[in-house]
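This report concerns only the one structure given below.
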Amino acid sequence: MFNEKDQLAIDTIRALSIDAIEKANSGHPGLPMGAAPMAYTLWTRHLNFNPQSKDFFNRDRFILSAGHGSALLYSLLHVSGSLELEELKQFRQWGSKTPGHPEYRHTDGVEVTTGPLGQGFAMSVGMALAESHLAGKFNKDQFDIVNHYTYVLASDGDLMEGISHEAASFAGHNQLDKLIVLYDSNDISLDGDLDKSFSEDTKQRFEAYGWNYILVENGNDLDEIDNAITQAKSQQGPTIIEVKTIIGFGSPNKAGSNGVHGAPLGEEERALTFKEYGLDPEKRFNVPEDVYEIFKSTMLKRANENEEAWNNMLKNYSEAYPELAEEFKLAMSGKLPNNYADALPEYDLNHSGASRADSGEIIQKLSEFVPSFFGGSADLAGSNKSNVKEAKDYNKDTPEGKNVWFGVREFAMGAAINGMAAHGGLHPYAATFFVFSDYLKPALRLSSIMGLNSTFIFTHDSIAVGEDGPTHEPIEQLAGLRAIPNMNVIRPADGNETRVAWEVALESEHTPTSLVLTRQNLPTLDVDKQTVENGVRKGAYIVFETEQQLEYLLLASGSEVNLAVEAAKELEQQGKGVRVISMPNWYAFEQQSSEYKESILPSDVTKRIAIEMASPLGWHKYVGIEGKVIGINSFGASAPGDLVVEKYGFTKENILKQVRSL
């Protein structure tokens, strides 16, 4: 089945990777040299993917979880017709389409941003979950409209990371059939021999999770690799194929050592390696025409045929199931139904509720009117109010179910919804306590880097949690999340702000959102609907102002906004001019015009106080050098929530005291 031309193609891919790294004088040649045979076999014999039709919905997804091996992926994208050779010559250079680690939406053919080890593996689980759910929802007899595989190339480092354990456990429990991991098992890590740090039995580990395990003893045996992938595709549940490889294969002096992991070979070793491959070291970035032809006649031909057949199936599906087809097409587009927001609840002045509870009510409506809405909680659904009532749970028997039981696997949960968002067809969300956002912070960061429409629900947002004490009371988390570029961090002050926050989350196509919600009840602010709508979308707005000459600004978010209003009303009775500003979303406020910012925070009013039950970090930008921040510079305490709030100075009396001191 395989011949000398296949070997030439593999060695060409190795050589392209080596040359890109040598020209950049930076990169990781070891993985591309060792893993090229498995990647080549997958792409030419199995992968249903045409880089020139990168948005085809039913394509297979290929994720290079070992993102440091990016030169391999770029070489594959070039020989398959997606990436210009000039881009390989600009590897790791400013403005190129070949950055050091693969970047989503930057290079056609890159499904997700990888590099932080383990996250690609976990995002792949999310992609397989998306495929399973959408298939369960839309497929009908004779119409497997969603039917594709998720393939992962993972390294030893990926499998050492804790997130791989969480994600593998989840995938095994849910028996995600179309998830296949190719494990580049080369017994070397960056620092040296793998047995110095990693000695577990991969077979026993993954079989304990409920995975299938296949061993390929020779990573250069194309038939053995091909047979393993074929076997994996026929099995129930996820499969890991451990492929024993030699890192830096072909390098006479560096193969099998950590010296080839993360540094260029050097000119002398490059020449020796090319001779081992039977290639001319005088030729750089050389691709024989036969190599291009192999990819045209295998991968691209297969992908084009599959896409044409699928398009015909979709046409027939649309005739047989017109309503379902329209829903499916809307899901593929990533758009929201028209007027979905009209179905969301509005709250009057008689309403008092925790923003987590208001969010829970909104979730019920979103699930009803936004069919692509899908997610779950890390074993805190009852507390986060994140489950869809009366809906089925997602599992292997009811993949169409809407409630995902992520279990106590916060990091894997965060990465999984990123994978779902990148997959497409869904508006995914995940929920946990705000203090546990630390467990999934790297996934938040990666969602922002990728510009995904992921929504993270974080409840129990402050010291008002009370009895659970400092381990469960967030302090530094708000500042940490606000520091992430391209992240909506929205802390709503009441039910109406929560409603608009959800609208912002779903409509922010290229920005993830963290919703920071209370456990305790909040009264409804006396502000008209349009003001709230515009104000939350702009990040900050005026919720109360006295008629007197403006003298003081009180800034707050979340539960402290009403406290600020109470203090302002007291100051009003004393004849003071006060404005209260709700600032639910700093990120959005920073994007507003200087004129809008000045209209909210007039520069000639310097007596300012910010009030927030969290670290004061960041607030001084808004209160200025003469202003004050009523925040928290220590950890919380265990006691009834109202008492903790009082002891930490979040009272009307303390606000008035601080105002008088200005």
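Positions of Cβ are set from backbone N, Cα and C atoms, glycine also.
Per Swiss-Prot, the candidate among HIS261, HIS351, HIS620 that belongs to the thiamine diphosphate site alongside HIS68, GLY115, PRO116, LEU117, GLY157, ASN186, PHE436 is HIS261. Per Swiss-Prot, the Mg(2+) site holds ASN186, ILE188; the candidate it also names there, chosen from ASP156, ASP221, ASP223, is ASP156.
Among SER53, SER234, SER383, only SER383 appears in Swiss-Prot as part of the substrate site alongside HIS28, HIS261, ARG356, HIS460, ASP468, ARG519.
Within 10 Å of ASP156 (Mg(2+) binding site), counting CA to CA, the recorded positions HIS68, GLY115, PRO116, ASN186, GLU410 contribute ASN186. Compared over the binding-site residues LEU117, ILE188, the count of CB atoms lying within 10 A of a residue's CB peaks at ILE188. Among the binding-site residues GLY115, PRO116, LEU117, GLY157, ILE188, the ones whose Cα sits within 10 Å of the Cα of HIS261 (substrate binding site) are ILE188, in sequence order. Proximity of ASP468 (substrate binding site) to non-local residues of its own chain (separation of 6 or more, Cβ distance below 8 Å) is seen for SER638, given in sequence order. For the recorded site, ILE188 (Mg(2+) binding site), the DSSP three-state label reads strand. Between the C-alpha atoms of PHE436 (thiamine diphosphate binding site) and GLU410 (active site, proton donor), the distance comes to 8 Å. Other residues of the chain with a Cβ within 8 Å of the Cβ centroid of ASP156, ASN186, ILE188, the Mg(2+) site, are SER155, ASP184, SER185, ASP187, SER189, LEU194, THR245, ILE247, HIS261. Listed in sequence order, the recorded positions near HIS28 (substrate binding site) (C-alpha within 10 Å of its C-alpha) are HIS68, out of HIS68, LEU117, GLY157, GLU410. Looking only at Cα atoms, LEU117 (thiamine diphosphate binding site) sits nearest to GLU410 among the recorded positions ARG356, SER383, GLU410, HIS460, ARG519.
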